[in-house]
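Lifted from Swiss-Prot, the feature list:
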- 12-32: transmembrane segment (TRANSMEM)
- 38-58: transmembrane segment (TRANSMEM)
- 77-97: transmembrane segment (TRANSMEM)
- 102-122: transmembrane segment (TRANSMEM)
- 134-154: transmembrane segment (TRANSMEM)
- 158-178: transmembrane segment (TRANSMEM)
- 217-237: transmembrane segment (TRANSMEM)
- 239-259: transmembrane segment (TRANSMEM)
- 285-305: transmembrane segment (TRANSMEM)
- 309-329: transmembrane segment (TRANSMEM)
- 337-357: transmembrane segment (TRANSMEM)
- 363-383: transmembrane segment (TRANSMEM)
Amino acid sequence: MKGAMAWPFLRLYILTLMFFSANAILNVFIPLRGHDLGATNTVIGIVMGAYMLTAMVFRPWAGQIIARVGPIKVLRIILIINAIALIIYGFTGLEGYFVARVMQGVCTAFFSMSLQLGIIDALPEEHRSEGVSLYSLFSTIPNLIGPLVAVGIWNANNISLFAIVIIFIALTTTFFGYRVTFAEQEPDTSDKIEKMPFNAVTVFAQFFKNKELLNSGIIMIVASIVFGAVSTFVPLYTVSLGFANAGIFLTIQAIAVVAARFYLRKYIPSDGMWHPKYMVSVLSLLVIASFVVAFGPQVGAIIFYGSAILIGMTQAMVYPTLTSYLSFVLPKVGRNMLLGLFIACADLGISLGGALMGPISDLVGFKWMYLICGMLVIVIMIMSFLKKPTPRPASSL
């Protein structure tokens with residue numbers, strides 16, 4: 001196999017699956033364990049939120065450091081730190097979980113940037129979007145079984161079993177990760193050590209100065225708000241009104257993400273051009289899904305479950321499309337930091353899906369909250385349509 005499916009890249013995708021397997025378990029186990037330990041929802045929220053907040057803050061730093069040091073060297077250091085963080089889970093309580101979540105957030109920022117930038121730099125231009133899509137696919141696969149494993153461990157009421165599983169994942173991921181490469185020989189990164197027009201702090205201002213980054217970032221934030229609102233509140237929504245099973249809904253969504261990222265990856269543009277009709281078509285799926293979720297009790301369970309497929313398809317296509325586009329149009333100098341800032345937009349959006357939409361649902365109810373989500377997506381659909389197709393600048397090559 002060639003291109004994004006070549007063996008060196010398949011090893012990277014497998015490493016991605018292994019790396020995110022622990023988090024798929026922890027995302028469910030930590031709240032359950034925290035409740036058993038008598039923690040309030042606020043404390044549990046702080047512990048869980050520390051992961052994504054830390055990842056969001058460190059992504060631009062990660063892009064800059066990777067540009068100077070190289071993705072392989074950074075990856076190997078991060079794998080060791082990640083292993084230490086996972087081992088902490090096996091021997092501590094909630095306070096240790098907080099420290100480990102912060103460490104995991106740092107690791108995730110550097111890990112995802114190392115692999116995505118390494119894939120972008122190593123693949124030919126026509127295969128970039130496919131490579132990023134496959135990375136996203138393998139990062140999602142653990143969500144198919146991780147929650148079930150977490151619930152099983154929690155039901156067993158055996159913290160030693162939890163420690164064994166997490167430490168096993170930590171060690172196998174580290175050992176496997178030390179053997180992966182992006183190519184026969186890691187590219188020389190000395191030419192990337194240039195004087196940056198911004199640093200890891202001032203880079204945040206570039207979000208508003210760079211029109212391409214601003215446009216793509218806003219689209220990613222709004223779409224991620226909907227994704228976050230769905231994953232956070234659909235369980236409460238379905239339980240409170242009793243019209244469907246949230247577990248079935250989220251499983252269907254995860255299957256749709258995995259299937260779409262594999263079977264539709266070749267349809268994702270990878271030419272450095274803006275495709276308004278394509279973006280409107282993809283985002284329209286999310287609008288329909290948001291409205292169906294809002295009227296879930298009225299439309300029935302079957303149609304409600306069908307909306308999970310639309311959400312999964314959108315989730316699978318929006319991120320790699322925008323990442324691939326920005327890899328072409330962003331300026332070469334500082335591109336890695338700017339890509340890190342864009343990826344942080346996805347983190348921010350998902351966190352806002354809970355932090356922002358939670359109070360809104362308290363005020364107006366779940367139905368209107370999801371209607372508002374759909375209206376927000378209509379706004380970014382209009383943005384996508386009005387944005388003129390932009391040819392790839394030669395300076396971005």
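Glycine is no exception: its Cβ is also placed from the backbone N, Cα and C atoms.
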Go through the chain and flag residues at least 6 beyond the ends of the transmembrane segment (285-305) whose CB is under 8 A from any CB in it; none is fine as an answer.
223, 226, 230, 234, 237-238, 241, 243-245, 248-249, 252, 311, 313-314, 366-371, 373-374, 377-378, 381
Excluding the flanking five residues on each side, which residues at least 6 beyond the ends of the transmembrane segment (134-154) place their CB within less than 8 Å of a CB in that stretch?
4-5, 9, 12-14, 16-17, 19-21, 23-29, 32-33, 112, 115-116, 119, 161-162, 165, 250-251, 254-255, 257-258, 261-262, 265, 316, 319-320
Tertiary contacts of the transmembrane segment (158-178), defined by C-beta under 8 angstroms and 6+ residue spacing from its ends, are 14-15, 18-19, 21-22, 25-26, 29, 33, 75-76, 79-80, 82-83, 86-87, 89-91, 149
Residues outside the transmembrane segment (337-357) whose C-beta sits under 8 Å from one of its C-beta atoms, at least 6 past its ends, are 49, 52-53, 55-57, 59-64, 67, 109, 112-113, 116-117, 120, 196, 198, 200, 203-204, 206-207, 210, 213, 216-218, 220-233, 319, 322-323, 326-327, 330-331, 369, 372-373
